[in-house]
Amino acid sequence: MELVYHEKQDGLLCGQHCLNNLLQGQYFTAVDLADIAQQMDLAEQTHMAELGMHTDDFRRFMEQPSVNMDDSGMFSIQVLTSALRVWDLTLIPFASSNAIAQAARGNPTEQQAYVCNFKEHWFTVRKLGYQWFNLNSLLSGPELISDTYLSLFLTQLQHEGYSIFLVQGKLPDSEADMTLRLQPAVQTVKPRLLQEIAEESRNSQDESDLRAALAASLAQAGPSRSCSTADSQDKVSQGDVSDDDLQRAIQLSMESNEVNEDEQLQAALRMSLDQQNSDKDSSNPAKEPSAQEMRERRLAYLSKKTP
């Protein structure tokens, strides 16, 4: 399987990936296909100009964006067909009345490759050795498919709205094709969609960030809650984090902040008293403030702090 050439999705360059996976090598770049598209645009402009440059049709044509490519990297079937013509390869619509297409519908395994398109996505299904592979660039790797499943797969694609083209002509020799003729591939684990893998990675990162936030919050809860904190930290380290754990961590953090604010208030009051005592004569020591005085000063401090 390692010898099978498979380009993974990069932006919206699926047309490029489709061709290279079909030819089993880096035969085309996005620049190559863009050059072909620009040549086709120029040929179309020349043709329209010959019909009259001052007509409404020509003006409307020039105002329209290119139908052969766009800024995202999407290329038309005309561009892909022109690119394959360099290798003397042609694309025949699978659903057409062409005799080759009719034979392919009767026995899809007798062909060598299919190019599939739906909206803005292109991908290749190709035979390598005596086995078929789904070389969709949206997958994490080549997918081995059986002869029996190939027919069902193509039918499913048609029902989903895909346009399918069979590839006619001699494909370039590839190391994978020659090797798999001698030693067929065995696939125990199917490839996955790249999007699914990316979503799992994001979810895993989010969970890791949550565990780190919980651990930091629990660490600030203070020694008076050491038993509860230790239990919660065990859950965090084991990844067993529930909504209850999250709420508990938030509550502990809030209580810890309240304790810290109270300690700061008491310290401020003591500093204020010390300052007042230092201003008085040492022969007339200040009396220890009563509980009522402490409460009044505390309220006065809080009233100043509160906006």
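First residue shown is number 1, and so on along the chain.
In case you wondered, yes, glycine gets a Cβ from its N, Cα and C as well.
Among the features that TrEMBL reports, domain 'Josephin' is placed at 1-182. Residues annotated as active site in TrEMBL: C14, H121, N136. If you look up TrEMBL, you'll see C14 marked as active site, nucleophile. Residues or ranges marked as active site, proton acceptor in TrEMBL: H121. Annotation comment: TrEMBL describes 221-243, 255-307 as region 'Disordered'. The feature compositional bias 'Polar residues' is assigned by TrEMBL to 223-240.
Annotated features, which come from TrEMBL, shown on the structure.
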| residue | record | Cβ within 10 Å |
| --- | --- | --- |
| C14 | active site | 23 |
| H121 | active site | 18 |
| N136 | active site | 25 |
Which secondary structure state does DSSP assign to N136 (active site), in the simple three-class scheme? coil
Pairwise Cα distance for H121 (active site)/C14 (active site) [Å, integer]: 6
Rounded to an integer, what is the Cα-Cα distance in Å between C14 (active site) and N136 (active site)? 9
